[in-house]
C-alpha cells in the first residue's frame with residue numbers, strides 16, 4: 001500500500017481521505033484486503049432485482065471520478081442532484097428500501113457499474129475529484145457491480161422521462177420496473193472487462209493530483225507565516241529569513257518630496 005502524500009485538508013469542511021492503492025485490482029480477493037470498499041463488488045447470487053427499491057442514473061464526466069468513488073466509497077453531484085438523492089435516501093430509510101445508482105461515463109457507450117447509497121448528504125467535500133473545487137459535499141456509497149456493459153444491452157429500456165436509459169441526463173429517476181431489468185443485466189453479464197483494469201494507470205494521475213495539492217498547501221502555509229509586501233521595506237527587515245529580503249536589504253529608498 002502506498003501513502004506518500006498527506007491528505008490535503010484546507011478546512012474542517014474538507015473530507016480527509018488517505019491515499020490507498022494496490023498492484024492488481026482485478027484480483028478482488030487480494031485487493032479488498034487493502035481496500036475494504038472492494039469487498040462487496042461482483043458477488044454472485046445477490047438477486048437484488050427481486051427486492052423493492054428506488055433507482056437513479058448518474059453520469060460522470062470522466063473515469064477518474066468513478067475510480068475514486070469505487071476506492072473510497074463516496075460520491076457527489078450537482079446541488080440539485082444531491083438534494084434529490086438526499087431526500088430519496090431519507091424516504092427510503094423510512095420505508096425500509098434501498099436507493100441504487102446506475103453509473104455511466106459520458107461518451108463511453110456503456111454503463112460501468114451499480115452502487116447503493118449508504119448515507120444521506122454530508123457537508124465535507126472531497127478535494128481530489130478531477131474537476132477541482134467544482135463538487136461540494138459527499139454521500140457514502142457501496143459499489144455492488146463494476147462491469148463494462150455496452151449500451152446495446154439497455155436500449156430497450158426507458159427512464160421516467162420516457163427516454164432511453166442510454167440517453168439519460170445525470171440524476172434521472174428510474175421506476176423500479178426499469179431498475180429491475182438493469183439490475184438483472186448487470187447480475188447476468190459475464191464479461192470481466194471493467195474500469196478496474198485501468199485502476200493502476202488512474203492511480204498515477206491521482207498521486208500527481210494529490211502531490212500538486214500538497215505542494216500548493218505548503219506554499220500557502222509559507223506565505224501565511226512569511227508575508228510578502230513588495231513595496232514595504234521595513235517588513236523585510238522583520239523577516240530577514242525570507243528569500244526576497246536579500247535583494248532588498250541594500251536598496252536605498254527615496255522618500256517622496258512633500
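Including glycine, each Cβ sits where the backbone N, Cα and C put it.
Taking the domain 'YTH' (53-186) as a whole, pLDDT averages 95 in the prediction. Summarising the annotation, TrEMBL assigns domain 'YTH' to 53-186.
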The domain 'YTH' (53-186): DSSP-derived helix, strand, coil residue counts: 44 helix, 46 strand, 44 coil
